[in-house]
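Engineer: Before I ask anything, here is the structure I am working with.
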Amino acid sequence: MKIVVAGSGSWGCALAQVLCDNHVDVMVYGNNPAEINDINENHRNSKFFEDVELHHDLKATMDLNVFHDADVVLFVVPTIAIESVCKQIDPILTKKIIAVNASKGFHPQTNDRMSNVIRANISKEHLSSVVSLIGPSHAEEVVIRMLTTICAVSLNEEDAKTIQKLFSNDYLRVYRGDDEIGSETGVALKNAIAVASGVLYGLGYGDNTRAALITRGLAEMIRYGVAMGGRKETFMGMTGIGDLIVTCTSKHSRNFQAGYDIGKHNSAKYFWDNNTKTVEGVRTAKVVHDVAHEKGIDMPIIEEIYKVLYEDKDPKESAKDLMLRDLKHEMI
Ligand SMILES: NC(=O)C1=CN([C@@H]2O[C@H](COP(=O)(O)OP(=O)(O)OC[C@H]3O[C@@H](n4cnc5c(N)ncnc54)[C@H](OP(=O)(O)O)[C@@H]3O)[C@@H](O)[C@H]2O)C=CC1
Ligand SMILES: O=C(CO)COP(=O)(O)O
């Protein structure tokens, strides 16, 4: 079985290395010559990982023909690039692939989930099914083989089992799931909540505040995900609370770090002027804000993080406004 990983960034490399450890035939495809060269020549991806020597079987290429005889393709580029990568590779595919989505967010124009974006852009004769491989997993830890659990979520149970077996080993345990809507909305929304968690930390608030943010953030994720057709119990698993915790609390999270900078400067301007990293939660906050307004879903944290990011609201004022809303029953 030949696997190609589209995306030579941090998560693409970490996932490809898991396959090398599992003795699976894998190749990384990327469009950044420096990253490709670093992987092939130095066994490193220095842009993302300091002092990590990658598995020596890990190889990368910029040649699109690598997709020609692929059986499985992993999509591990930022969500804004998924559609264009699908369109580039579809004419090259010759087999019916299992498409594995590892990205977390929504399409930039249609606001659609990643599985739907892949289904819309890989022709039917080239697609067996889509499996989303998602959960609480910072690349920086997977690449040094720290114990991690994620979930292979698909409407196709057999293909989910194939992906589960391919990636599982003694440091990465893969569960299965079938709630595509719940899982994909969960992992997207947690990024926006993680930006808020960083903002609060940057403003100087502590553990009580973070626990409150995670708990009430989860309530918003459930409200939104269930309104979209997801199942409430999914949010109690890897792609809900699991991914929310790791992203809201980790120094590795780019979403948390972006929020932290905003909180520290008490303004989103610093982020907009300086950011060069993949921070999916920033655009997700806008998508969720817009959809929630359209559908009448109550999302107070998303509302405030949207105002901080897009309306230059003072983050301290946002935190105060969240605290001083009308008092209510917790479970409503
Ligand atoms: N990093 C992590 O820990 C995790 C990330 N994810 C998700 O994975 C997705 C990818 O993120 P991540 O790997 O972290 O991001 P990175 O910023 O680390 O890497 C993104 C990679 O995609 C490349 N890329 C961008 N556009 C294209 C394109 N059109 N064709 C080919 N390659 C392209 C970038 O190239 P260039 O360098 O030239 O821009 C870069 O190599 C995101 O949705 C993220 O949320 C999910 C779980 C964990
Ligand atoms: O999705 C992730 C962890 O599960 C990565 O989070 P960041 O994109 O915030 O770094």
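Every residue gets a Cβ built from N, Cα and C, even glycine.
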Engineer: Check TrEMBL for me: it has R254, N255 binding substrate, so pick out which one of K87, K95, K96, K104 it puts in that same site.
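Structural biologist: For the substrate site that includes R254, N255, TrEMBL also lists K104.
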Engineer: Of E41, E50, E220, E280, which one shares the NADPH site with S10, W11, K104, A139, R254 in TrEMBL?
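Structural biologist: Among the candidates, TrEMBL records only E280 at this NADPH site.
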Engineer: Where TrEMBL shows G7, S8, G9, S10, W11, G12, A139, R254 binding NAD(+), which of K161, K165, K232, K277 is named for the same site?
Structural biologist: K277
Engineer: Grab the pLDDT values for the domain 'Glycerol-3-phosphate dehydrogenase NAD-dependent N-terminal' (2-158) and give me their mean, rounded.
Structural biologist: 98
Engineer: Please check the binding-site residues S137, A139, R254, N255 against ligand 2 and give me the ones with CB under 6 A, sequence order.
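Structural biologist: Near the molecule: S137, R254, N255.
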Engineer: Sort the binding-site residues G7, G9, K277, E280 by C-alpha distance from N255 (sn-glycerol 3-phosphate binding site) and give me just the closest.
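Structural biologist: Minimum Cα distance from N255 (sn-glycerol 3-phosphate binding site) across G7, G9, K277, E280 lands on E280.
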Engineer: So of G7, G9, G135, which of the binding-site residues has the fewest other Cβ atoms within 10 Å around its own Cβ?
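Structural biologist: So among G7, G9, G135, the binding-site residues given, the one with the fewest Cβ atoms within 10 Å is G9.
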Engineer: Just checking: which of the binding-site residues G135, K190, D243, S253, R254 have a C-beta under 6 Å from ligand 1?
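Structural biologist: None, as no Cβ falls under 6 Å.
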Engineer: For the domain 'Glycerol-3-phosphate dehydrogenase NAD-dependent C-terminal' (179-318), what does DSSP give as the number of helix, strand and coil residues?
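Structural biologist: Going through the domain 'Glycerol-3-phosphate dehydrogenase NAD-dependent C-terminal' (179-318) residue by residue, I get 111 helix, 0 strand, 29 coil.
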Engineer: Determine which residues of the same chain, besides K104, R254, N255, have their CB within 8 A of the center of the CB atoms at the recorded substrate site, and list them by sequence.
Structural biologist: N191, A194, T247, S253, T278, V279, E280, G281
